[in-house]
């Protein structure tokens, strides 16, 4: 008997990449899964496409069947399998990335196409222009990743792709490409949460990293403190109530007239080395808020006012500034960086205490995301982590910024435990509507740290990854 998966809203069910665990219908894929999971499976039937009232609108609905995997191999530590090979595709913001990763953790290839010129031209990410840039290079990036791995699509076990959070226009490019590859070569497809990928890539580089662990995920669009209980289950201890730290770094770099080709973070970090970090008095945000949430909008305002007071002209690049002007810019950069990281330190310290109350066995804290490549950030946070008798785990800078490796690895982790979807149709109409999740929480909020984020009050938010997986698990239990 076929059971309709009803735990998600109709808006989400269009492209639900985390349904109840599915078994592929094609015999060759069934053999593949039997090999990886050492399980014998029956061949189920699927009803995938269900048209809506509009003749030009098609909606994918996923069904689970009477044939289910109730228990799959799972390990709190990374589970390595040489036979698995996954292609990961990432287009959530301004980098077009693809990578091929083997189940044993070997990175076979990694390709990234940057939009640095567009960032300079528009002073940040322009969604429509970013989408067009992704579309121009996505085919080449994916092909280059396969070529560098000396593989073809036929050698892949699955395709993983970021479906959120991120910019809808950009996400769509990656999802469309992933579905075409998966459909043309009858490959399973795994939808990946962008922030979970930032956290889990640390398990690729640090084999001792087991659940549960703490994670601070810091980037241009996100500040997240999460407790990772196990794969797919997270508690959100803190988030940003307005702007993320990466956004503050980018704006500071722009106002100081720095070179934005490498993004604002590295530019501010480099200039800060020349400055006095205590010369400009900035207030630490949310100093008296006894939670783990972040706010960088006010610090941005303080920086802008300090720049105006020094009459710094952003149109004059720092390379052309006078000695005094350059020193003023360096002092502001250093002072900003110090206070921005102090804010991280205070919230991280409290979050670790909360996490240890919930999961006393925690041994590691992961720091990942684009801002985690900042050496000053790593140094300061390492002191906090060591004082709590934990070990800091930071992926190398190339895996902190957005990349295809983290998507492929996260896809591997979920694929091993049966969280994937069957191959999509080989052809889909141009107006096909995908389920993209631009605002998609990673975990459930911890009661002590509930956020009052302005950006979240009116935005359409999908159920968190954790709640989706938990709901399906409960539904399976009630039927067994």
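Quick reminder: no glycine exception, Cβ is built from N, Cα and C everywhere.
Going through 402, 421, 431 against Swiss-Prot, the one listed in the divalent metal cation site together with 194, 198 turns out to be 402. 250 is the residue from 242, 250, 353 that Swiss-Prot records in the substrate site together with 217, 218, 219, 220, 221, 265, 269, 373, 374, 401. When secondary structure is read from DSSP and collapsed to three states, residue 198 (divalent metal cation binding site) falls in the helix class. The full span of the recorded substrate binding residues, 217, 218, 219, 220, 221, 250, 265, 269, 373, 374, 401, taken as their largest Cα to Cα distance, is 18 Å.
Figure note: comparing Cβ neighbours within 10 Å for the binding-site residues 194, 198, the maximum is reached by 198. The secondary structure of residue 402 (divalent metal cation binding site), as reduced to three states from DSSP, is coil rather than helix or strand. With a 10 A radius on its CB, residue 265 (substrate binding site) counts 26 other CB atoms from all the protein chains. The binding-site residues shown are 217, 221, 265, 373; of these, the one with its CA atom nearest the CA of residue 198 (divalent metal cation binding site) is 217.
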